[in-house]
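A.B. asks: I'd like to ask you about the structure that follows.
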């Protein structure tokens, strides 16, 4: 007798600034899980988390997937339950493996991973530790530094430092002395370039700190380097493997949210035109970065490469990378010989190891 399909609980949406990206990623993942031979092996059970953190069952999730954007509140069943997670909207024995397609806080940061761990059910991606450290840029950078991995200079701070004029002035002076301009101001716990700004002088730095503080209480300011932006994808658990290296090129001043998710605003070069030795170095750094934060399953590692000096700087790791039409993670594996349906199947099988 043929075996029963593996039931995949695809969770998407989420109470984060990357809600819209998550919906787009989920559409890609679900289509891949239902393509070709996967249709016989997997049964998709979609669950939607709205922007207030409420979990909704399949019929609501399917409506969101069909219209490719969040439902208006008056389209949701009333009376609305309280915001936040209360319970699963389905029996958890309906799911064999969870596939979180969540970006940003409350999904990529170890919170949902902790829930699945408590439930005793397998899930795609890193565990609680790797997800949490990989989400918080300050914790991530500390782990990279402890592993001896190269990074651009940076300064970390708490929003409380900005609420006292004297402390803020000292902090700004330190940033200018240690990093100079240009520099990039980032919330520690956001992705997809949400809340990030480039500062070329003090007024822009102050404005950037204020904007980043809208998204997080922990911030990081990084020295801006003139370098190529390269990415490498990682797959596996017991034995991690790295994809070919890809490059993002764009006309904009930097790789912001609009450039990242608007068709035609950026171009990808896969594989990136690099000497073999440089590609091998970047692949090695990608694997070392995963080990440093205890990431596994899937990850995308971003680096800067200065052609003139030959320097490679580790930028960040993303433990739940996007799966949109502009997302590098699936494209990097496609160029490495792993088609999207095979990729999602491997991710599910890895989760069950």
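A Cβ is built for glycine as well, from the same backbone N, Cα and C atoms used for every other residue.
Per Swiss-Prot, ATP binding site is recorded for 176-231. Look at Swiss-Prot and you will find 302, 316 tagged as Mg(2+) 1 binding site. Under the heading Mg(2+) 2 binding site, Swiss-Prot lists 316, 318. As annotated by Swiss-Prot, domain 'ATP-grasp' applies to 141-349.
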A.B. asks: Quick one: of 183, 190, 225, which of the binding-site residues has the smallest count of other CB atoms within 10 A?
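C.D. replies: Among the binding-site residues 183, 190, 225, the lowest count of other Cβ atoms within 10 Å belongs to 225.
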A.B. asks: Rounded to a whole number, how many Å is the Cα of residue 225 (ATP binding site) away from the Cα of residue 302 (Mg(2+) 1 binding site)?
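C.D. replies: Residue 225 (ATP binding site) to residue 302 (Mg(2+) 1 binding site), Cα-Cα distance: 14 Å.
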A.B. asks: Find the shortest Cα-Cα separation between residue 176 (ATP binding site) and the binding-site residues 302, 316, 318, and name the residue that gives it.
C.D. replies: 316
A.B. asks: For the binding-site residues listed here (197, 204, 318), tell me which residue's CB has the most neighbouring CB atoms inside 10 Å.
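C.D. replies: Comparing the binding-site residues 197, 204, 318, the most crowded Cβ belongs to 318.
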A.B. asks: Can you tell me the three-state DSSP label for residue 218 (ATP binding site)?
C.D. replies: strand
A.B. asks: Within its own chain, what residues at least 6 apart in sequence put their Cβ under 8 Å from the Cβ of residue 218 (ATP binding site), listed in sequence order?
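C.D. replies: In sequence order, the residues whose Cβ lies under 8 Å from that of residue 218 (ATP binding site) (at least 6 apart) are 136, 137, 138, 156, 157, 158, 159, 187, 188, 189.
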A.B. asks: For residue 316 (Mg(2+) 1 binding site), identify the closest of the binding-site residues 190, 204, 211, judging by Cα separation.
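C.D. replies: The smallest Cα gap between residue 316 (Mg(2+) 1 binding site) and any of the binding-site residues is with 190.
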A.B. asks: Quick one: of the binding-site residues 190, 197, 211, 302, which has its CA closest to the CA of residue 318 (Mg(2+) 2 binding site)?
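C.D. replies: Closest recorded candidate to residue 318 (Mg(2+) 2 binding site) by Cα: 302.
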A.B. asks: Pick out which of the binding-site residues 176, 211, 316 has the most other Cβ atoms within 10 Å of its own Cβ.
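C.D. replies: Of 176, 211, 316, the one with the most crowded Cβ is 316.
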